Each structure stands twice: as structure tokens, then as C-alpha cells.
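Participant: First the structure, then my questions, so here it is.
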Amino acid sequence: MYSTATQSSPSLAGVKNIVLVLSGKGGVGKSSVTTQLALTLAAQGKKVGVLDIDLTGPSIPRFFGMEDKQVYQSSAGWVPVYTDASRNLCLMSLGFLLSSRGDSVVWRGPRKTAMIRQFIRDVVWGELDYLLIDTPPGTSDEHISIAEELRFCDQILGAVIVTTPQGVALADVRKELSFCKKIGFPILGIIENMSGYVCPHCSECQNIFSKGGGENLAKQYECKFLGTVPIDPKFVLMVENAKGGLQEIYGETDMAKIFAGICDKAFSEENEEEAKETAEEEKSRAATNGQ
């Protein structure tokens, strides 16, 4: 099932930490979480890359207001799309390669695998503190492919799991936790998204789903609970109207404060060291088992 390669791609040589963002089911706001993690880390002065491997539903270009941008080929490989003049945040997505936003992607597993391999091996990421990989929901061909490509990569920091409070979403998260254990990816923590609704008029937060399921699941599986994120209509409007300027205005929002706290928990020195130790243990276990 897994690749027998023992070295990571040279294109990842300048990447310090690789983080997967996973969800058990669609519609839980995983790409929104990935976007805000990237914006928050970039605001903290980190160099961040976002790789969108949701091949049949790439949404990262739209979240960043970069749908009209294109990647181009250099002598070293594909150059990602940079969101700012300081080049602190860059993006790669199949959405940049489609001729039209409405184009559908109807690919079988082998072609998906080839595309992900090309993203990992042929993109000129340069020096990055974090590469965030936005994945499709569930455990599909894309997940298996990325696991194969990163199986022996030393920069794997771990996975952030996104869920919503509903029971059906929490049940699917258990599958993601099992997937991470099987492939040896440490869990950085669980985020409960859509935990309440923020009124755009009075800013009061009301629960429209149940609450606390993500935190309870984290306790059950002995994972870190990174926090709750409400539904904020102001952020939705901001994404719709940003036109490529999201990075400049996001820092003044209430969501930015929430994600600053989440990043402090997920990417604290203590949590990162613990994740790296877990990754080493899992790789040793895999080698012992002959995987």
C-alpha cells in the first residue's frame, strides 16, 4: 500500500513543518479552517504554504480571492501563487490549473495519485515554516497518495482534525483518527467548527447545533482540544468581497483572535516537540513491522 521510498522530495527540502488538515465528512468548514490557520501563521511572521489536494472540489483559490491567478512553470518547477508582496504566504491548487472555475474534475485514482505526486515533487516551495495541506473529506485516494508521498518525510508535524458539534460529524472524525494512527501521523488537536452562530447585529453567539462534542472526543482519544470556532457571517462576507486582499484585513477580525489562540495551542513548542517524538516512534514502529 505504501511507497518504499525513504527520502522526501527535494522540493520540500526548505519546508520545516508539514501539517495536514483533515475532516471526516464534507461541509464542516475544513478549507475555511485551513485558510485561517494560514492567515494567522503568516500574521505571526511565519512563511506559510497551502497545498490544496481536494482535486474534485478545490476551494482554496476562492477563499483567498485568487481565482484569477495562475501558476507558471520555471526551470525548477511550478511556482506557487503568492498572496502578498512580502511573499510570506503562497498557494498551490488544481483550481489554478483549470481553464474555468466551472470545470469539473472527473478523475480515477491513478490520475489523482499522479497529480498529488506532481504537487509534492514539482512545486518550488522554497523556504517555509509551515506547509498546510488541505485535504478532501473522508479517507480517499488523495489521502492514500499523500500518505505514500510523505511516508518517510522528516518534516511531518501532524494533523489538525476539523469537526462540527453534530453526532454524525463526530462519528466520522473517529475514522480520521484511526487513519492517522495507521499511517503514523501525530494528532496536533481537534477543532470544533460551527460551534454557535455570531449575530452580525449584536455579536451575541447562539448555539444552533449541540456543543462540546469535539472537546469530549478529544478527551476520549487523549488528543489536544484546540478550541471552538463559531459561524461568523462577517467572515463569510469578507471572503466574498476580499478580491485578493484578505490577508490585509483579516487581522482586525474577531475570528483572527480565535485562531491566534488555536495556533498557540497547536503550534506551541511543547506540542510540536511531542508531535515530532510521536512521529519518530510511529516511523520506528512501521519500520519494525516492515511497512
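In case you wondered, yes, glycine gets a Cβ from its N, Cα and C as well.
What Swiss-Prot lists as ATP binding site is G24, K25, G26, G27, V28, G29, K30, S31, and the listing cites sequence analysis. Summarising the annotation, Swiss-Prot assigns [4Fe-4S] cluster binding site to C199, C202 and lists sequence analysis as the type of evidence. Per Swiss-Prot, the feature region 'Disordered' maps to 270-291. Feature annotation from Swiss-Prot assigns compositional bias 'Basic and acidic residues' to 276-285.
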Participant: Counting across all protein chains shown, how many other Cβ atoms sit within 10 Å of the Cβ of G26 (ATP binding site)?
Facilitator: 14
Participant: Counting Cβ atoms within 10 Å of each candidate's own Cβ, which of the binding-site residues G24, G27, G29 comes out highest?
Facilitator: G24
Participant: For V28 (ATP binding site), which residues of its chain lie six or more apart in sequence with Cβ-Cβ distance below 8 Å?
Facilitator: P137, V162, T163, T164, A169, N193, M194
Participant: Using a 10 Å cut-off on Cβ-Cβ distances across all protein chains shown, tell me which of the binding-site residues (K25, K30) has the largest neighbour count.
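Facilitator: Selected residue: K30.
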Participant: Return the count of C-beta atoms lying within 10 angstroms of the C-beta of C202 ([4Fe-4S] cluster binding site), excluding that atom itself.
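Facilitator: 7, counting other Cβ atoms within 10 Å of C202 ([4Fe-4S] cluster binding site).
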Participant: Rank aside, I only need the closest one: which of the binding-site residues G24, K25, G29, S31 has its C-alpha nearest to that of C202 ([4Fe-4S] cluster binding site)?
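Facilitator: For C202 ([4Fe-4S] cluster binding site), the spatially nearest of the binding-site residues is G29.
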Participant: Far apart in sequence but close in space: which same-chain residues, 6 or more away, have a Cβ under 8 Å from S31 (ATP binding site)?
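Facilitator: Sequence-distant Cβ neighbours: D52, D54, S59, I60, F63, D134.
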Participant: So which other residues, same chain and not among G24, K25, G26, G27, V28, G29, K30, S31, have a Cβ within 8 Å of the centroid of the Cβ atoms at the ATP site?
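Facilitator: What remains near the Cβ centre is S23, P137, V162, T164, A169, N193.
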Participant: Do me a favour and check the Cα-Cα span between C199 ([4Fe-4S] cluster binding site) and G29 (ATP binding site); whole Å is fine.
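Facilitator: That separation, Cα to Cα, works out to 18 Å.
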Participant: Enter the number of other CB atoms within 10 angstroms of the CB of C199 ([4Fe-4S] cluster binding site).
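Facilitator: Taking all protein chains shown, C199 ([4Fe-4S] cluster binding site) has 11 Cβ neighbours within 10 Å.
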